[in-house]
Amino acid sequence: MLGINYKPCNEDFWQGRTDSEENFLAFRWHQWIKPINLNKDDLSPFTGKLGFAFIGFCCDEGIRRNKGRTGAAKGPETIREEMANLPCCFTDEVKLFDAGNILVENISLEEGQDLLSKAINKILSLNLFPIVLGGGHEVAFGNYLGVLSHLKTINSKPNIGIINFDAHLDIRPYTEGMGSSGTMFRQISDICKKEDLNYSYLCMGVQKHSNTLELFKTADKLGANYVFAKNITYGDNWIVFESLDDFMKAQDYIYVTVCSDVFSSAFAPGVSASQSLGLDPEIVVRFIKYILRSNKVISFDIAEVSPRFDQGHVTANLAAVVIFSVIDTIAKIYGLGL
């Protein structure tokens with residue numbers, strides 16, 4: 001049981017246009033989404049060809065600890081609103097489920113991340129692909145822990161690679177038990193060291209002006225890989241693709257996480273730390289699709305959508321389109337795309 005800080009799907013968020021109530025080719029996501037309550041003990045594993053489960057992580061405590069601009073706790077609501085009208089560009093054998101939200105209210109960040117970990121573990125055990133809606137980027141720690149917990153039932157030492165699209169390395173120092181939205185991948189490194197696991201971390205879109213020299217030194221010490229945003233924007237992308245290939249070949253599983261501050265503020269103004277020289281979303285989506293085609297991706301999240309700063313839901317809409325691209329790409333991999 002996930003307790004009172006888990007709230008099952010609120011179907012009111014899934015409202016939109018209806019062109020037909022019978023013709024699936026005219027359906028939008030709000031007509032196809034099904035609620036799923038992770039607190040139920042009698043849930044049977046999904047036996048269809050391909051299923052996705054959305055879960056929101058309503059939290060910005062990590063952002064507050066990181067002295068950023070709070071507001072991302074409301075992100076999952078607005079992302080759902082933007083996803084509601086997306087078209088079903090897949091066959092009816094692809095199923096979409098909404099698993100509700102983890103609410104980090106009147107509990108610690110660490111308790112919230114533990115709840116998310118349990119939720120991700122359960123979603124994976126149901127044979128569904130988790131897509132987490134943030135929430136601060138502290139969502140990454142809970143998502144990773146859930147993936148790790150699930151994979152340990154298969155292999156005591158799973159080989160998981162992390163690909164993070166982010167302007168920040170997020171490997172800041174932290175006090176034990178007091179992480180933030182800037183510490184997750186250092187926390188994961190410490191877990192890997194403690195449990196003798198492989199630590200494979202690649203950060204795409206790093207901004208030199210957003211990280212201290214000590215953080216780059218720490219990344220090198222930890223064996224982390226990173227690609228600067230300027231090298232993606234102005235460099236030879238084939239070199240970047242080769243770097244991705246080298247990284248992905250060494251992994252058995254890949255967890256992909258996107259911090260919305262990787263994007264230029266022209267496309268993503270509603271974030272904790274906006275980036276005037278961030279990446280063009282078209283480039284990021286191109287890389288995400290390439291990574292998905294490795295067929296190793298086990299979980300995905302997009303974080304730091306902050307409605308408080310998001311005039312016209314521009315950033316939430318971008319997050320929805322990124323998620324659309326993820327589902328569209330995986331559906332095509334399974335031969336279920338239209």
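Along the chain as shown, the residues are counted starting at 1.
A Cβ is built for glycine as well, from the same backbone N, Cα and C atoms used for every other residue.
Lifted from Swiss-Prot, the feature list:
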BINDING   His137, Asp166, Asp170, Cys259  Mn(2+) 1 binding site
BINDING   Asp166, His168, Cys259, Asp261  Mn(2+) 2 binding site
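Where Swiss-Prot records a feature, it is marked here on the structure.
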| residue | record | DSSP class |
| --- | --- | --- |
| His137 | Mn(2+) 1 binding site | coil |
| Asp166 | Mn(2+) 1 binding site | coil |
| Cys259 | Mn(2+) 1 binding site | strand |
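Non-local neighbourhood of His168 (Mn(2+) 2 binding site): Gly182, Val206, Gln207, Ser210, Asn211, Cys259, Asp261, Ala273, each in the same chain, at least six residues away, with C-beta under 8 Å from its C-beta. The Cβ of Asp166 (Mn(2+) 1 binding site) lies under 8 Å from the Cβ of His137, Cys203, Met204, Gly205, Val206, Thr257, Val258, Cys259, Asp261, Val262, each on the same chain and at least six residues away in sequence. With a cut-off of 8 Å between CB atoms and residues at least 6 apart in sequence, the same chain places His137, Ala140, Asn164, Ser181, Gly182, Thr183, Met184, Phe185, Arg186, Cys203, Cys259 near Asp170 (Mn(2+) 1 binding site), listed in sequence order. Each of His137, Asn164, Phe165, Ala167, Asp170, Gly205, Ser210, Ser260, Val262, Ala273, Glu304 belongs to the same chain as Asp166, His168, Cys259, Asp261, is absent from that list, and has a C-beta within 8 angstroms of the C-beta centroid marking the Mn(2+) 2 site. Of all the Cβ atoms in the protein chains shown, 27 others lie within 10 Å of the Cβ of Asp261 (Mn(2+) 2 binding site).
Other than the site residues His137, Asp166, Asp170, Cys259, same-chain residues with C-beta atoms no more than 8 angstroms from the centre of those residues' C-beta atoms, the Mn(2+) 1 site, are Ala140, Asn164, Ala167, His168, Ser181, Gly182, Met184, Thr257, Asp261, Val262, Ala303, Glu304.
There are 30 other Cβ atoms within 10 Å of the Cβ belonging to Cys259 (Mn(2+) 1 binding site).
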